[in-house]
Amino acid sequence: MGRTLLLLVSLLFFSKSFGLDPDLINNQWHLEKIVVSGEEIVPPVNEELPNVLLFFEDSGTGLNFWSFVCNVLNGVPEFSGGDSFSFSELYQSLGGCDDPTNTPFELQYFQFYFSNDIGEPYVYEIVDEGIGGMRMTVTVQNGDVAYYQNSVLGIHSVQAIPILMYPNPANDQIYIETDLPLNKLEIYTTTGKLLHSQNNPTPSLDISTLPTGLYFMKVYQGDRVSTQKFVKR
């Protein structure tokens, strides 16, 4: 309860201090499409890439920007007004995609964010569509636009194994809920190194010994396999 209250107070501080729309940092955002030079590009949907996620995380000393395809896009955002942000740092991991159909899209999506120079603004607009639904656009300096819709933390992902994994980001424990028991669980780094393998895993997973960062969790259930991304604080 204390940690949750601290997070809410921290997010409120950021919102009021920098004139941010609190909806920007209180939601996870799913990519609908990007429009590059007038061409609409829709992300593929498959086992490796059920969705393309974006969110802002409170690190305790500031906000971090995260977005995931096969690899991770991570940056340190700076806010100078209520409708824009820029990056003082922006990085991507280099693990590659297992499914080759995802590679061209990842290159286009990451290039969308790298098309701005460091310090140049990304203009965002959030529209409330009612009943909790919101849409967000992010526009870069050359006029290209990314379109997102919001989602609630910890929703069931539509993929090979219906799975609920929470909290995410997490500190010490991750909880896993599925329709049927899992046969096996594996944790990998973003470069593909296997860190942990467990047969017949329990619903609670101890991640306290993992360094801070992004990880992939692969779970097995009979002949079904699902890959999830999570952030260790």
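Just so it is clear, glycine is given a Cβ too, placed from its N, Cα and C backbone atoms.
In TrEMBL, annotation is done automatically, which means it is predicted and not curated.
Copied from TrEMBL, the annotated features are:
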{"type": "SIGNAL", "residues": "1-19", "note": "signal peptide"}
{"type": "DOMAIN", "residues": "165-231", "note": "domain 'Secretion system C-terminal sorting'"}
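Using DSSP to sort the residues of the domain 'Secretion system C-terminal sorting' (165-231) gives these counts of helix, strand and coil: 0 helix, 40 strand, 27 coil. Across the domain 'Secretion system C-terminal sorting' (165-231), the model assigns an average pLDDT of 87.
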